[in-house]
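Enquirer: Reproduced below are the annotations present in Swiss-Prot:
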INTRAMEM  62-65  intramembrane segment
INTRAMEM  66-76  intramembrane segment
INTRAMEM  197-200  intramembrane segment
INTRAMEM  201-214  intramembrane segment
TOPO_DOM  33-37  topological domain 'Periplasmic'
TOPO_DOM  77-82  topological domain 'Cytoplasmic'
TOPO_DOM  107-141  topological domain 'Periplasmic'
TOPO_DOM  168-175  topological domain 'Cytoplasmic'
TOPO_DOM  193-196  topological domain 'Periplasmic'
TOPO_DOM  215-229  topological domain 'Periplasmic'
TOPO_DOM  253-264  topological domain 'Cytoplasmic'
TRANSMEM  4-32  transmembrane segment
TRANSMEM  38-58  transmembrane segment
TRANSMEM  83-106  transmembrane segment
TRANSMEM  142-167  transmembrane segment
TRANSMEM  176-192  transmembrane segment
TRANSMEM  230-252  transmembrane segment
C-alpha cells in the first residue's frame, strides 16, 4: 500500500469511527443510561457527529465515511476505482471498533440494565438493546418496505451531498459544506428515522451490527428477528440509492449547470 493510500485509509477509519462513537454513544445513553433524548436530539447528534468527522478527516481522505458514497463517487464523480475496496474496508473497521469502544465504556450499564429488566441477549426481547449499535425497521414495515425507505433516503442524501459540494451549483459552500451535510442527515433522521433508523450507510450499520453479533446478541443482531436477514437491507439499499441519487443529480442538475466540465 503506497503512503498516500495509507493516509486515505487512516482518514476513513478515523472519520467513520468518530461518527459511530458519537452516534452510537448517544443511542446508548438513551437506551440504557436513562438520558432524555427525543428523535430530533438523536438526529442532531448523528448529524453533528458526521459533520465533525468530516471536518476532522476531509484533508486526509475526502471524508466519504460511507461505502455507498464511495461507490457513487467512483461511478459518477471520477473517484479512483483502485481506492474503493480499501476505503470500504477502512470504513467497516472504523465502525466496528467505535461500536466496541462505546460498548466497553457502557459495559457495566448494559449489564445492570439487562439484570434489572431480566433481558437475555440473543432473545427477541433483547433486540431493542441490539438496536443501540445498528438499525432495525419499525415492526409494521416489511423487508421490502424497509428497503424502499433506505433506497429513497440514501438517494436524497447522495443527491444533496453532490449539490452541496458542487461549487458550480450556486454559491460555493466551502467550509460550510460539512455542517450543511450534517444538518441534512439530521433532517432526514427527524423525518424518516422512526421507519428504519436512517442507516443510509453500510459501514455505519454492518460494522456495529457485527460487533453486536460477537458481543452476545448472536444471529438476532444480523437477522433482526426476520425470516430474511435484515442486515442485507442496509448493506444493499443505500448503495443502490446512492447510485440513483448521484445519477439523478448529474442528469437533472449537474449536467445542466453552465460551468459543469465533467471529469478531467
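Every residue, even glycine, has its Cβ placed from backbone N, Cα and C.
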Enquirer: Give me the stretch from 4-32, 83-106, 176-192, 230-252 with the greatest number of Cβ pairs under 8 Å to the transmembrane segment (38-58).
Expert: 176-192
Enquirer: Could you name the stretch, out of 4-32, 142-167, 176-192, 230-252, with the greatest number of CB pairs under 8 A to the transmembrane segment (83-106)?
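Expert: Comparing 4-32, 142-167, 176-192, 230-252: 4-32 has the most Cβ pairs near the transmembrane segment (83-106).
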Enquirer: Let me spell it out: take the intramembrane segment (201-214), skip the flanking residues so only those 6+ beyond its ends count, and list any with a Cβ under 8 Å from a Cβ in it.
Expert: 16, 19-20, 23-24, 65-69, 88, 91-100, 103, 130, 132-135, 221-222, 231, 234-236, 238-239
Enquirer: Of the residues in the topological domain 'Periplasmic' (215-229), how many are helix, strand and coil by DSSP?
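Expert: When I sort the residues of the topological domain 'Periplasmic' (215-229) into the three classes, I find 8 helix, 0 strand, 7 coil.
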Enquirer: Could you tell me how many residues in the topological domain 'Periplasmic' (193-196) are helical, how many are strand and how many are coil under DSSP?
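Expert: Each residue of the topological domain 'Periplasmic' (193-196) counted once, the result is 4 helix, 0 strand, 0 coil.
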Enquirer: Are there residues at least 6 beyond the ends of the transmembrane segment (142-167) whose Cβ is under 8 Å from a Cβ of it, and what are they?
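Expert: Result: 68-69, 72, 76-77, 173-174, 177, 180-181, 184-185, 188, 192, 195-196, 198-200, 226, 228, 230, 233-234, 236-238, 240-246, 248-250, 253-254, 257.
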